[in-house]
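Colleague: My questions will all concern the structure given below.
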Amino acid sequence: MSENPDLTNERASGTFETNAMAAVIYGSEKFAQRRREITEAISKIPEFQDSHPLVFMSREEKISEACRKLAVLSNYWNSLIDTSDEEEALHLYREVLGLEGHPLALHETMFIPSLIAQASDEQQEKWLGRAQRREIIGCYAQTEMGHGTNLRALETTATFDISTREFILNSPTITSLKWWPGALGKSANWSIVIANLIIKEHNYGPHPFMVQLRDEKSHEPLPGITVGDIGPKMAFNGADNGFLGFKNYRIPRENMLMRHSKVTSDGSYIKPPHAKIGYSSMVKVRSRMAMDQGLFLASALVIAVRYSAVRRQGYLEDKSREVKVLDYQTQQHRLFPSIARAYAFIFCGFETIRLYDQLLIDVQNGNTSGMADLHALTSGLKSVVTYQTGEGIEQARMACGGHGYSMASYISEIYGVAIGGCTYEGENMVMLLQLARYLVKSIEMIQNGKSRELGPMVAYLAENESEIDLNLGPNEYLKVFEYAARNQTWRATEKFQKLRNSGMSNEEAWNQASVELTRASRLHTRLYIMSTFINHVGSIVDQKVKGVLIDLLNVHVTYEVMDIGIYVQGLLSSNQMDLIRNQLYVSLETIRPNAVSLVDSFQISDMQLRSVLGRRDGNVYENLFKWAKSSPLNKTDVLPSVTQYLKPMMEKSKL
Ligand SMILES: CCCCCCCCCCCCCCCCCCCC(=O)SCCNC(=O)CCNC(=O)[C@H](O)C(C)(C)COP(=O)(O)OP(=O)(O)OC[C@H]1O[C@@H](n2cnc3c(N)ncnc32)[C@H](O)[C@@H]1OP(=O)(O)O
Ligand SMILES: Cc1cc2nc3c(=O)[nH]c(=O)nc-3n(C[C@H](O)[C@H](O)[C@H](O)COP(=O)(O)OP(=O)(O)OC[C@H]3O[C@@H](n4cnc5c(N)ncnc54)[C@H](O)[C@@H]3O)c2cc1C
């Protein structure tokens with residue numbers, strides 16, 4: 001079937017090459033090209049296709065389907081990608097497995113990275129190759145039923161038995177059961193387990209241990225291990241998140257991951273170079289989240305924007321034909337700022353992934369000085385990005401009207417998976433408060449006359465306000481954001497200090513200032529996102545691509561400043577606010593002809609999107625009907641439930 005002419009026309013109105021834009025989005029022409037090649041190669045392998053639509057499958061079927069594809073993938077892995085390239089691997093996983101989770105997701109995202117960051121050279125020699133070759137499947141078991149946030153209260157223990165030189169693992173209570181780890185339930189046979197290290201009755205706090213859970217031949221749980229699946233979730237049901245308990249389960253001393261902290265055979269403890277070095281796997285995942293969430297948001301927008309260009313409803317001036325709903329200003333206001341955010345998140349993602357990779361090298365060389373900065377940055381970024389991604393996806397769903405609510409759109413599944421990011425890798429409020437600690441410390445440095453020692457990301461906190469001339473473009477908007485973030489950070493810090501100085505405990509003062517503190521963290525992070533977007537656009541060479549991204553940046557800066565209006569009342573007059581509002585409306589119109597090309601540029605395949613509404617060819621209606629007919633409920637005209645219950649009920653009512 002040929003492409004829907006409405007989409008053909010939209011594509012013809014684009015002012016730039018989508019391949020050139022993809023090169024900017026994905027950081028290089030080479031990688032953008034590799035993505036296309038991988039997608040093309042996968043499309044020719046029939047076993048990678050869903051055996052039937054995932055949305056009609058039960059959990060068991062979803063997990064089985066994911067395992068089937070992983071088994072097929074193992075035959076093609078080396079021929080499809082450069083296995084040393086994490087981004088290529090991720091693209092392959094996304095294309096083949098989609099986003100509903102699978103037994104190797106945590107193996108790749110946390111188990112292997114933990115071995116790389118936490119295992120000594122000898123331990124890597126023993127386990128890393130096996131993990132990378134997928135001879136074993138691992139997970140990351142930290143969260144317990146009773147505690148996920150407050151790691152100092154974890155209850156699982158690893159007690160050193162000096163006589164046998166083993167650790168004895170125990171789960172002393174119900175609440176100490178590990179709860180949530182992905183792939184733990186049914187798939188993983190090994191795990192990195194975070195447990196309190198106890199030597200001679202002294203608790204040294206949470207440490208990582210390499211623990212075998214299941215027999216490598218029979219896959220049966222080993223004696224002393226209780227393990228299983230925690231049941232269905234809001235989404236992500238292709239993953240078997242699990243529970244895990246230990247009863248006097250012994251592992252050799254050499255199974256504590258000992259790159260940083262160490263326990264010698266005589267039970268001596270050697271401290272790590274930084275107290276939080278064991279938290280690196282979390283920082284690794286957080287540093288990826290802006291990219292991953294940006295792609296979730298992008299997926300929902302591809303669907304909503306393409307659909308809005310083929311959906312016609314109502315009239316504007318021309319009464320001879322209904323308009324594309326994408327021509328309504330409200331629809332543009334709903335979708336275009338999110339397109340800008342998706343671009344910005346991906347640009348930030350590349351930046352934080354690079355920063356993590358650098359930090360990993362620094363830490364391996366004994367330099368831990370960058371840990372606090374990256375922890376603060378990624379804590380704020382994961383919180384803001386996951387929240388705004390959730391908002392954007394939900395708006396995309398509503399922008400598709402009734403069909404958006406159908407699983408045929410697939411947006412609800414994208415939403416369910418993405419929104420999990422607000423919780424996993426540190427609950428958002430908690431992580432905003434982690435960043436707030438860093439911001440408060442920065443203010444205290446300024447108060448103590450140490451402004452010069454501030455890092456580049458917080459230097460603006462020490463600056464004075466300057467006049468704003470909004471006609472001058474994005475950098476002026478950045479100043480508006482700096483003003484808002486600076487003002488809020490000072491206000492929140494002063495509130496905290498005042499409460500503390502009034503005699504309140506540090507903890508209570510912090511608690512009573514915490515809403516204001518989280519607001520400061522959000523503004524600081526949104527400033528970082530805007531500034532990264534501006535810098536990125538500034539570095540683009542292709543003039544056509546740059547021109548469109550400047551238009552998109554204008555959508556971003558005007559929308560973001562309008563969105564934080566309450567924080568800039570002291571800086572901007574109501575005339576200036578009106579000016580910005582009008583600039584936003586103008587920029588929505590400017591971007592309109594490029595809307596479809598901007599989402600096409602994400603180059604997310606139909607196979608990955610799984611959306612009838614978001615099909616690249618725009619042939620929505622005939623495929624919607626086909627999809628509905630394939631619903632299992634339509635296998636027969638008369639359901640057994642009708643025969644069994646409704647008919648007798650109706651017959652009875654006739655009497
Ligand atoms: C080839 C590769 C292919 C890859 C393919 C992959 C395909 C799959 C794709 C599918 C995607 C799948 C996505 C799903 C993934 C889901 C993963 C979810 C996993 C998890 O959720 S794991 C569990 C995560 N848990 C958490 O995040 C817990 C949150 N809590 C904490 O982090 C800490 O407890 C907290 C809140 C930071 C507090 O810690 P605490 O020890 O109590 O510390 P204090 O509050 O007292 O702070 C002390 C001091 O330490 C500083 N600090 C804290 N953390 C860090 C850190 N990480 N680094 C540096 N510094 C840190 C903190 O700032 C304080 O400093 P001060 O100077 O202020 O004292
Ligand atoms: C899809 C998914 C996958 C996961 N995968 C894994 C995995 O592979 N491995 C693993 O170990 N874990 C995993 N988890 C667990 C996850 O990391 C935790 O659920 C998360 O860190 C939040 O912790 P919690 O559940 O204890 O929340 P809680 O801390 O109980 O949060 C409840 C509420 O309390 C508030 N709160 C808590 N502490 C504070 C505070 N100090 N100040 C202010 N407010 C506070 C929170 O903001 C929140 O509103 C996963 C979770 C999900 C949803």
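Including glycine, each Cβ sits where the backbone N, Cα and C put it.
So TrEMBL says this about it:
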ACT_SITE  GLU425  active site, proton acceptor
BINDING   THR143, GLY182  FAD binding site
DOMAIN    18-137  domain 'Acyl-coenzyme A oxidase N-terminal'
DOMAIN    279-440  domain 'Acyl-CoA oxidase C-alpha1'
DOMAIN    474-651  domain 'Acyl-CoA oxidase C-terminal'
Colleague: Take the C-alpha atoms of the residue listed as 'active site, proton acceptor' and GLY182 (FAD binding site) and report the distance between them in angstrom, rounded.
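Modeller: The residue listed as 'active site, proton acceptor' to GLY182 (FAD binding site), Cα-Cα distance: 12 Å.
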Colleague: Between 0 and 100, where does the mean pLDDT of the domain 'Acyl-CoA oxidase C-terminal' (474-651) sit?
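Modeller: Mean pLDDT, the domain 'Acyl-CoA oxidase C-terminal' (474-651): 97.
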Colleague: Just to be sure I understand the packing, how many Cβ atoms besides its own are within 10 Å of the Cβ of GLU425 (active site, proton acceptor)?
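Modeller: 25, counting other Cβ atoms within 10 Å of GLU425 (active site, proton acceptor).
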Colleague: Could you put numbers on the helix, strand and coil content of the domain 'Acyl-coenzyme A oxidase N-terminal' (18-137), residue by residue per DSSP?
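Modeller: Residue counts in helix, strand and coil order: 89 helix, 0 strand, 31 coil.
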Colleague: THR143, GLY182: which of these binding-site residues has the highest Cβ count within 10 Å of its own Cβ?
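Modeller: Highest number of other Cβ atoms within 10 Å: GLY182.
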